[in-house]
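Some notes on the structure that comes next.
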Amino acid sequence: SNRGNCDSFLFFHLSCFLIPLKAATAPRISSKRLALNYFDMNYKTQFGSLWPSIRISLLSEQKYGVLLNNYSDVESVTRDMEVLNAKGFNFESQKASELSSGAEAPAPSPTSTAISPNIQCYTFPKGDISRFPPLGVSHMMLSLSHSLPFGEPGSSMRLSSSQPPRAFLSASALVSLAAGQVAANDISASGTKRLGGVLHSYVPKELHKAVRVTSLDGRNWGKVEKETYDKVLVDVPCTPDRQCAMEEEDNIFKRIRSQERQMLPMLQMQLLISGILAAKPGGEVVYSTCTLSQLQNEYIVERATELIENQYSIGVRVENCNHFRKLFHDTFSFSADCRLGELVLPHLTANFGPVYFCKLQRVR
């Protein structure tokens, strides 16, 4: 009958309507799980048999260290560190290097070996997972591998801190600065506010005039202040692997941030080129991330140096940073397969990082 046809037709449409509703209520995959799936797919190929160890370290508590504030009572803080059985690993590593200096090995360039005596770092020995007590303005806690590439301070320094947690990275340079002018830039207002807070907390008021904090687009800095700085730190936004694997909030693997994530390599290359343009001929540039990704690390350095040579006729030399691996092998776990720069790998006995850094020198 007509009624029967109508009933069956109505039932068919209801069935089609109900099926999508059921699918729409299925649980969504968390951003942390999306990040781990991405890491498993890419880093298993990159690191092979090392990946399971790196993965479990990423998901474990990170190890920290202490950077002394040179404008505080350093002797008192040093005594506190000794009571805690924390070691000043940078001094110990340099002493060990001096003892073995008679060994036959190619000497790195002088610009790459200088580690400022103003940088005093402490951490617990390898395998010791003790925690530091609450810290005051006399010292700050941070992932110490961030401070590795810093050398002797020059007459001017530019810092570009693009990830909010790494305001302390810029602070480490501020505290270690003996003289000269510093320009610290973060495009976000919250990051700039954090940088200003660090400045007022850790650096004497009379030195504030030597530091300029700005909130500009770092991609334009090379044009605005061309050939201005002796040293430039380009600390770029990246996929912060440990944060992505551990925290859901503000995770760059959220689906609404997928386009932002895909555009990261282009942004990183633009920032590095801008940093090189802002350096004086003969100046030094450090490129830094907190990701294991080759695409965001070595490949960015390679592509940026090629483009700046072709488009601006500017020569850039990639410094050999192997000496950092030799100096600090008792403190950090370094990748043995990093072609350019150095990569600090998370490891359960030394759970720092990941941190990648590459030091460049503009030769013309």
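Just so it is clear, glycine is given a Cβ too, placed from its N, Cα and C backbone atoms.
Any TrEMBL annotation is an automated prediction that lacks curation.
Source: prediction; values computed, not measured.
Pulled from TrEMBL:
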SIGNAL    1-23  signal peptide
DOMAIN    54-363  domain 'SAM-dependent MTase RsmB/NOP-type'
BINDING   D186, D217, D235  S-adenosyl-L-methionine binding site
ACT_SITE  C290  active site, nucleophile
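Take the binding-site residues D186, D217, D235: by the count of other Cβ atoms within 10 Å of each Cβ, the lowest one is D217.
Of all the Cβ atoms in the protein chains shown, 26 others lie within 10 Å of the Cβ of the residue listed as 'active site, nucleophile'.
With D186, D217, D235 listed as the residues that bind S-adenosyl-L-methionine, the site has a largest C-alpha separation of 13 Å.
Rounded to a whole value, the Cα-Cα separation of D217 (S-adenosyl-L-methionine binding site) and the residue listed as 'active site, nucleophile' is 21 Å.
The two recorded residues C290 (active site, nucleophile) and D235 (S-adenosyl-L-methionine binding site) have their Cα atoms spaced 9 Å from each other.
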